[in-house]
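Below you'll find the structure, written out as structure tokens, and then a few comments.
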Ligand code: RB5
């Protein structure tokens, strides 16, 4: 799978754990940075990752900041993105089955590297359930984007 990944200065260390794991699992990784502790702005990394997912360059995106919150807020502003902030395995599975999320956000200051690796694996491996009730709810959420485009 082609996976875009980005982090800010509070998340790049966890990114440096996740990127080699993804490559070892056979995924193609598009890493937009950042790569050091110099202070940066999380939207500058969330936006390119989400753009890659929306335009088809990447199938999924992974975003990491200190809490994962800023990244998830920024990601969910991009039309076509459904981003989940996940710090447990139950949610990693459920958000794929129920929400068909295409971007995963995590917080390096919240979750340890071992659990983060397992979260990523479960999130990547779990298919969307295709359940009609879930599709209907996703359609309602994504319909908000059309509404906002008509009445900005
Ligand atoms: C950076 O200090 C921190 O605010 C950022 O990584 C993130 O947690 C924001 O939501």
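Keep in mind that glycine also has a Cβ here, set from the backbone N, Cα and C atoms.
In three-state terms derived from DSSP, residue 66 (D-ribulose 5-phosphate binding site) belongs to neither a helical nor a strand segment and is classed as coil. If you draw a 10 Å sphere around the CB of residue 66 (D-ribulose 5-phosphate binding site), it holds 18 other CB atoms from the protein chains shown. Annotated D-ribulose 5-phosphate binding site per TrEMBL: 8, 9, 66, 67, 68, 69, 70, 99, 109, 133, 137, in sequence order.
Around the Cβ of residue 65 (active site, proton acceptor), the same chain contributes 7, 8, 10, 11, 42, 71, 105, 107, 108, each under 8 angstroms and 6 or more positions distant in sequence. Annotated active site, proton acceptor per TrEMBL: 65, in sequence order.
Close to residue 98 (active site, proton donor) in the fold, though at least 6 residues off in sequence, lie 129, 131, 134, 137, each with a CB less than 8 Å from its CB. In the three-state DSSP assignment, the secondary structure recorded for residue 98 (active site, proton donor) is helix. What TrEMBL lists as active site, proton donor is 98.
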Distance in Å spanning the most remote Cα pair of 8, 9, 66, 67, 68, 69, 70, 99, 109, 133, 137, given for D-ribulose 5-phosphate: 39
Other CB atoms, at most 10 A from the CB of residue 68 (D-ribulose 5-phosphate binding site): 28
Those recorded positions in 68, 98, 109, 137 whose CB falls under 6 A of ligand 1, listed in sequence order: none
